[in-house]
Amino acid sequence: MTTDITRLSAAQLAERLAAREVSSVEATRAHLDRIAAVDGDVHAFLHVSDRALDVAADIDRRRAAREELGELAGVPLAVKDVLVTTDMPSTSGSKILEGYMSPYDATVVARSRAAGLVPLGKTNMDEFAMGSSTEHSAYGPTRNPWDLGRIPGGSGGGSAAAVAAFEAPLALGSDTGGSIRQPAHVTGTVGVKPTYGGVSRYGAIALASSLDQVGPVTRTVLDAGLLHDVIGGHDVHDATSLPDAWPSFAEAAREGARGDVLKGLRIGVVKELPDSGFQPGVAASFRESLARLEAQGAEIVEISAPHFEYAVAAYYLILPAEASSNLAKFDSVRFGMRLDVPGGTVEDVMSATRDAGFGPEVKRRIILGTYALSAGYYDAYYGSAQKVRTLIQRDFDQAFRSVDVVATPSAPTTAFRIGEKIDDPLSMYLNDLTTIPANLAGVPGISVPSGLAAEDGLPVGIQFLAPAREDARLYRVGAALEALLVDEWGGSLLDRAPDLTGNDVKGATR
Ligand code: GLN
């Protein structure tokens, strides 16, 4: 039996492409066929490229001509719709940008193209990346490939679902409060939020500029490292981009999978994160992972991060404040939708357009943010939140004096049911408990699949956090744990996911 191309990791596919055992056209077609077969159910994509096969053919031609190509050349890539692209619409999940065509590519997209990756399409997301379930997309929710009645996480549920459903080996996401890591957690995939400033946000439609980062969503830690190597590094177009020279994250992942990086590694566990806040299966998987790491020579150290419990409250002031200002540019004049208001003033047109173009969650946050920034309330809300942010940064500084990485469950629960939290913003926000601190402090984080929760059989992830600029550490530790688990399971977690085409392999292999 020939291997199904879509089941290969990006690294495996890249090897076969380089050896010319598979062409990029074949690989791209296999993924487009998979999208055609399952995306009616999953709805990971808002737009599928009509140029992908041409781009793939061009890579094949260049390979045949023995041109020097990047390691991932010819591998298909899904792109979160928050990233602007010249050849596909970019809506950020909003009606207000329906059909919007950007005059330029986001830097991460331009770098991906230059490395020979083949953009397959744009993935679904909560409107303007606000949410934890993709239910706030103006184009309908994405469904979790593990259980189509459940959410794939958010805001980048489309990217995570595409990768988990084998519709793409690699995807790009953005993470402002967890939108890469939490979807990875609920879909059994790997997600990385790089150090703030590590990856350019030029062409990433801004949500909250002091928190936003772009990063990889993949099925393996090595694949995430390979993609991070392509998209990362200094960019003159992003004023917050760090000028640092970064090590190869793929190399770090390979080192982690090979070596004994766990010996003597000090892993901090936050004592203030109460076990009771987590679904039993999530807490159990976390403890099992720690035990495994300990058995390999890591030291588990209890650390104190007393301000983590205020992170959600601070974040939901800072984020709406920045978002209300970033979204002011959708004013019916410069971008996207404009409603006709016969006889109306400019203000009438703006107001009618924003009323019709924005969904309820976006409006909620614009109102919250504008309020938090208004005269008389600024100090009490925005000012206090910024102070809490500083305290959380200090918690991390303090913790990293005694440990190499911090570990937490990636999110409190497994995938919840579609509709379960949509009318309860607070319970939706509380999902972000463990992911938000990293954004507030600017430190990098990775979510790696750690098992299935006993009570519902759904995927669970473990999150590792490292000091700013130490992203490589996350790839080492993540790959080391992944190697242990894959060994133990005799394959990856996603081998146990439903096939989605009616040929349910799950029953056959279990
Ligand atoms: N759940 C977070 C929020 O709703 C995630 C946002 C993000 O990372 N884009 O704000």
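Backbone N, Cα and C define each Cβ position, glycine as well.
All TrEMBL annotations are machine predictions without curation.
Feature annotation from TrEMBL assigns domain 'Amidase' to 26-474.
Annotation source TrEMBL lists active site, charge relay system at Lys80 (among others). The Cβ of Lys80 (active site, charge relay system) has 33 other Cβ atoms within 10 Å, all protein chains considered.
Residues or ranges marked as active site, charge relay system in TrEMBL: Ser155 (among others). Long-range Cβ proximity for Ser155 (active site, charge relay system), meaning a same-chain Cβ under 8 A and a gap of 6 or more residues, is found for Val82, Gly93, Met125, Asp126, Ala129, Met130, Gly131, Ser132, Thr134, His136, Ser174, Thr176, Ser179, Pro183. Under DSSP, Ser155 (active site, charge relay system) is assigned to coil, being neither helix nor strand in the three-state scheme.
In three-state terms derived from DSSP, Ser179 (active site, acyl-ester intermediate) belongs to neither a helical nor a strand segment and is classed as coil. The feature active site, acyl-ester intermediate is assigned by TrEMBL to Ser179.
Residue environment of Ser179 (active site, acyl-ester intermediate) contains 37 other Cβ atoms, counted within 10 Å of its Cβ in all protein chains.
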